[in-house]
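Database features, via TrEMBL:
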type	residues	note
DOMAIN	53-228	domain 'BPL/LPL catalytic'
BINDING	ARG92, GLY93, GLY94, GLN95, VAL96, THR97, TYR98, HIS99, SER159, LEU160, GLY161, GLY172, LEU173, ALA174	substrate binding site
SITE	LYS156	site 'Lowers pKa of active site Cys'
ACT_SITE	CYS190	active site, acyl-thioester intermediate
Amino acid sequence: MRFILGRYTDGHFLLTNDEPPLQHNTVILRQLGIQPYEPVSDAMHQFTEQRTAETPDEIWLVQHEKVFTQGQAGKSEHVLVAGDIPVIQSDRGGQVTYHGPGQQVMYVLIDLKRSKIGVRQLVTAIENTVIETLAHFEVEAYARPDAPGVYVAGNKICSLGLRIRKGCSFHGLALNIAMDLEPFLRINPCGYAGMKMIQLSDFITGVTIEDVQPVLVEKFCQILGFQLINER
């Protein structure tokens, strides 16, 4: 049985059943546009709870309305001045981060057990996805063993946070493309005081989310050997 992210109504996304399952090496791409955090988070949890051994994996691309999210390790002292931006508790790994328009969030809903992918392997694959995506735009980036995410010249450009339940992953990455970075000054990003956050538009004038999306998805599928199927 395949669960489809349906229309957004009354503060919730509706999951509906679709045609029989696809091959296990396929991943379905969902384009969600700009959405509030909580309804998408709720839908992601519902998808993960209801999926079966036959449910195809999915990638959800979304930009969130302005929000701070606290991960499982989050500490209140790392939120310096939230101001008018809500702070929402999340069950992903890591500490506090910021989401807003102009940042590409990619949620990876993968049955790791079925695909024989380890958690560390998935983290590395996500980091390498971002590194190769940035390399496509001639920006040299790298991962750090002491702090998950992707960095350029010591500054953080992409945050990463995952949760594994019943052998399946959810949550994912947040890559800064062309956004207002000021809210990051209101927190200690990922629990690091003074961590400077940067974005792709610092290096590529005029770059847009639409420029980055196809590259990001293609690199992820190449690294993990998935066949991409666009939402139907």
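A Cβ is built for glycine as well, from the same backbone N, Cα and C atoms used for every other residue.
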Here the mean pLDDT of the domain 'BPL/LPL catalytic' (53-228) is 94
Close in space, distant in sequence - SER159 (substrate binding site), Cβ under 8 Å, 6 or more apart:
GLY94, THR97, PRO148, GLY149, LEU173, ALA174, PRO189, CYS190
Largest inter-residue Cα distance among ARG92, GLY93, GLY94, GLN95, VAL96, THR97, TYR98, HIS99, SER159, LEU160, GLY161, GLY172, LEU173, ALA174 [record-listed substrate binders, Å]:
15
Name the residue among the recorded positions VAL96, CYS190 whose Cβ has the smallest number of other Cβ atoms within 10 Å.
CYS190
Using DSSP with the three-state reduction, classify CYS190 (active site, acyl-thioester intermediate) as helix, strand or coil.
helix
Pairwise Cα distance for ARG92 (substrate binding site)/LYS156 (site 'Lowers pKa of active site Cys') [Å, integer]:
19
Cα of VAL96 (substrate binding site) to Cα of LYS156 (site 'Lowers pKa of active site Cys'), in Å and rounded, measures 14
Using a Cβ-Cβ cut-off under 8 angstroms and a sequence gap of six or more, which residues of the chain neighbour TYR98 (substrate binding site)?
LYS66, VAL67, PHE68, THR69, ILE85, PRO183, PHE184, ARG186, ILE187, PRO189
Non-local Cβ contacts of LYS156 (site 'Lowers pKa of active site Cys') (under 8 Å, 6 or more apart, same chain)?
GLY149, VAL150, PRO189, CYS190, MET195, LYS196, MET197, ILE198
